[in-house]
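Engineer: Feature list, courtesy of TrEMBL:
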- 17-467: domain 'Major facilitator superfamily associated' (DOMAIN)
- 21-39: transmembrane segment (TRANSMEM)
- 51-73: transmembrane segment (TRANSMEM)
- 234-251: transmembrane segment (TRANSMEM)
- 271-289: transmembrane segment (TRANSMEM)
- 310-331: transmembrane segment (TRANSMEM)
- 343-363: transmembrane segment (TRANSMEM)
- 375-393: transmembrane segment (TRANSMEM)
- 413-436: transmembrane segment (TRANSMEM)
- 443-462: transmembrane segment (TRANSMEM)
- 468-488: transmembrane segment (TRANSMEM)
Amino acid sequence: MTAMVEKSTRWFNPQLVHLKVTLFLLFGATSALTPYLTIHMQSIGLTVEEVASVYLTLLFTSCLSPPLTGYLIDRFGRYKPVLLTSIVLNAVSHHAIHFIPARNVTVTQRSWNVSLAQDDGGLLIQGLECPTEGHLNSSCISNRTVSLPAYLTASETSCGNIALPDCVLSELSSIPAALVEHIPPKPEYDVTFWTYLAIRFVAASMLASTLTITDPIALDMVEQHGGDFGREKLYSSVGMAIFTPLTGLMIDACSSGSGPTETVYTPAFYTYDLLLLCSLVSVSLMPIGRKVPSESVMKDSRRILRLPPVLAFLVFLFLLGNFWGFIESYLFVIMKAMGSPNYLLGLTYTVGTVASIPMMYLLVRITERVGHVNLLVVAFFAHALRILGYSWITNPFWCFPIELNEAISCYFMWVVATTYCAVLAPNHLVATLIGIAGMVHFCLGKGVGAFLGGFLIARVGLTLAFRYVGYTAVCCGVLYKLVHVLWLHKYDGRSQPGQQPAGPVEELVKRRASIVPKVDQFGSVVSFGGLVARTKADEAQGPAEEQVPLEKG
């Protein structure tokens, strides 16, 4: 009795210490570098169209890494060699990006003196030709634009509507304003572009592989040693909250002695290397078990992917990835357009990750009351509020209330999606389904979102692009809820504990996982499927699917 009381007073599980450290280091490294890669691409001379082309290519190249990683784990039952290899290749390939030389970019400019017409309803341009671009950049910074008809003063030719920053109107009311049109070079697709694309392909593949492995490892270690999956994943959020703003501060410090337009991204790359090196040590010491290999991964995967709830889950997870890829790729771009310092860019990650901490602790209760599908629907609306918010503000410091939505749309959403995979898949296919979900969300979804977002921004501008994407996110959330209410809800009860499977296909999902494994904090495991609670019912049906514990080593 004394031993039980003494055991219950321990506030941490020593078997999961290395898991916490590994998640902290891996996700801290990811957040130290990847948020800055889009603006780094622009700093070496890649245009918006070329950035979109990079993300489009990565869509088709790096998307195979997560499902392949999940397949190898389920097929051979080995975690540690795959994870260590991917971390090493991850560090080498990402650091190689730092050595890609910048392209010499020549930006041509044309200037006009512009004044308001007497009725304040149009613009008068002093020149002999109309601007070739509909949007002109002025010296003042504003995220809102005003569109007015414009006319040449020399020939009274109509130039159509010209979009001006609204801060220019006060200048135009008193004196003519000098507006400058920046004409960037056309996409060159030269050696710089192809070198970057080749290296980034390997880097993105290894990063996707590394992050994909962490989820099944965490699920299996929590099931073996006890604990709470949401709370273990909390340490990945802590790493992201710390290192993103820290890297931004170091970038600002190193860039202070450079030219006014030059930014030094060296601290981000070396912080990434250091954290991955430390994670190698942590993974080497982590007591990752071996799972029982499966001989029919491909056959069972094809069967489970035909289930309507799984198909709908993957489709809408792909759409969530679109919105996540858009905001992650162009958030720093729109904040830079508002004049944001680099440290503020990093703090955007801190706000979301800190806000996610209480949600991780309430994960079980929230999911029991709301349900997996409803939480994924909420993630769509959180994405919409986040994206639309940046289209409405003009001061970058208003990012703090907007970034609170990131806690739901990103961190909390992926924990819900990961545990939903444990609900939908049997034990021997959890890693495979998580890998497929990672491919659909982080690779296919993110790639499509970044690609389409880049071309949308190039054609309608930052503000309107964010607004269009935000409204689309609202529509997708409503659509998922309607699909669930009108069709998918009838499948919800088929995998409840104690219920008979409806047929051979439903047999795959008869193991109903809780949002978090039902375990004693220090080791008494009741498996993901509530195996102990269902023992008597399963014995009446015949031998249950064996839940084989992980072997240490």
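Using N, Cα and C of the backbone, Cβ positions are placed for all residues, glycine too.
Just so it is clear, the model here is predicted, and its values are computed rather than measured.
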Engineer: Looking only at residues six or more beyond either end of the transmembrane segment (343-363), which have a C-beta under 8 A from one in the stretch?
Structural biologist: 31, 35-36, 228-231, 233-234, 237-238, 240-242, 244-249, 252, 331-332, 335-336, 396-397, 399-400, 403-408, 410-412, 415-416, 515-516
Engineer: Give me the stretch from 21-39, 310-331, 375-393, 443-462, 468-488 with the greatest number of Cβ pairs under 8 Å to the transmembrane segment (234-251).
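Structural biologist: Answer is 21-39, with the largest number of Cβ pairs below 8 Å.
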Engineer: Check the transmembrane segment (443-462) against the transmembrane segment (310-331) for contact, please; criterion is three or more CB pairs under 8 Å, pairs 6 or more apart in sequence.
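Structural biologist: Answer yes, regions in contact.
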Engineer: Counting Cβ pairs under 8 Å that sit 6 or more residues apart, are there three or more between the transmembrane segment (413-436) and the transmembrane segment (468-488)?
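Structural biologist: These two segments do not touch.
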Engineer: What parts of the chain pack near the transmembrane segment (468-488), using Cβ distances under 8 Å and only residues at least 6 beyond its ends?
Structural biologist: 308-309, 312, 316, 319, 323, 326, 373-374, 376-381, 383-385, 387-388, 391, 453, 456, 460
Engineer: Let me spell it out: take the transmembrane segment (21-39), skip the flanking residues so only those 6+ beyond its ends count, and list any with a Cβ under 8 Å from a Cβ in it.
Structural biologist: 51, 87, 94, 97, 200, 207, 210-211, 214, 218, 232-233, 235-240, 242-244, 246-248, 251, 263, 265, 268-269, 271-272, 275-276, 278-279, 282-283, 286, 328-333, 336, 345-346, 349
Engineer: As a test of reading the model: what is the averaged pLDDT for the domain 'Major facilitator superfamily associated' (17-467)?
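Structural biologist: Here the predicted model's pLDDT, averaged over the domain 'Major facilitator superfamily associated' (17-467), is 81.
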